[in-house]
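Q: The structure's right below; bear with me while I get my questions together.
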């Protein structure tokens, strides 16, 4: 800080002259307290220095609220106020770098759906245990699993016709009902198996790569050609067998016709011999 001309003049005077000037003042003038000076000839406090000390006190008060008064952010060379310091010191939130890759439930595979349901069930059980330990009312876990557990495996299928019941016989009606339930149960099992197999087959195909799908397609074409060759061979064999069977049938039919003709001839001869025998018996008696 640069010294003013008044301060330079005060430094030029000796301490003895300053004391004499203070004691030899006007008799009516008020007595001013003597100013303190150090032995090194330091300058007295100026209004600028006093204002700077007040800013330091204000900065210290702000530091008592949790701010560091000696940090370069809270104390500037120009002597900033507390409002400016507080306005400058703001916490800016940044977006989280961790991104959650969320997928819809319908796009998940069967294994991923089971894993998500298992995690949700474990989390719900843990929360319910914590609430029960704190004495809070606990509601049952909101899930549809109880519907699957309570589903009747013998649920009748409305598309399958039931047996006609006769009101006159109770035993026959019970037998018809049990038979209808058995058919409905079998139809339900076949339908459930086909749906499960189709879902599993679709998921397995979705999990394969393009090269694997091409290799499977070529393998299926090879099996199809083998099956077609086997079908043609069986058809030819069946045709040959059919021709042989037709020939045998024709031979047997001809043999049957021959035997019928022979039988008819023998019957006629037998009748003729019977007539001749009767004629011979009548002649000796006459």
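Glycine is no exception: its Cβ is also placed from the backbone N, Cα and C atoms.
Feature table excerpt (Swiss-Prot):
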REGION    1-195  region 'Disordered'
COMPBIAS  1-11  compositional bias 'Polar residues'
MOD_RES   29  phosphoserine
MOD_RES   32  phosphothreonine
MOD_RES   39  phosphoserine
MOD_RES   46  phosphothreonine
MOD_RES   51  phosphoserine
MOD_RES   53  phosphoserine
COMPBIAS  68-78  compositional bias 'Polar residues'
MOD_RES   71  phosphoserine
MOD_RES   76  phosphoserine
MOD_RES   81  phosphoserine
COMPBIAS  87-103  compositional bias 'Basic residues'
COMPBIAS  113-132  compositional bias 'Basic and acidic residues'
REGION    140-143  region 'Interaction with P-TEFb'
COMPBIAS  178-195  compositional bias 'Basic and acidic residues'
COILED    207-277  coiled coil
REGION    226-286  region 'Interaction with CCNT1, HEXIM1 and HEXIM2'
Q: Using DSSP, how many residues of the region 'Interaction with CCNT1, HEXIM1 and HEXIM2' (226-286) fall into helix, strand and coil, respectively?
A: 60 helix, 0 strand, 1 coil
Q: Within the region 'Interaction with CCNT1, HEXIM1 and HEXIM2' (226-286) only, compute the mean pLDDT.
A: 84
Q: Using DSSP, how many residues in the compositional bias 'Basic and acidic residues' (113-132) fall into helix, strand and coil?
A: 20 helix, 0 strand, 0 coil
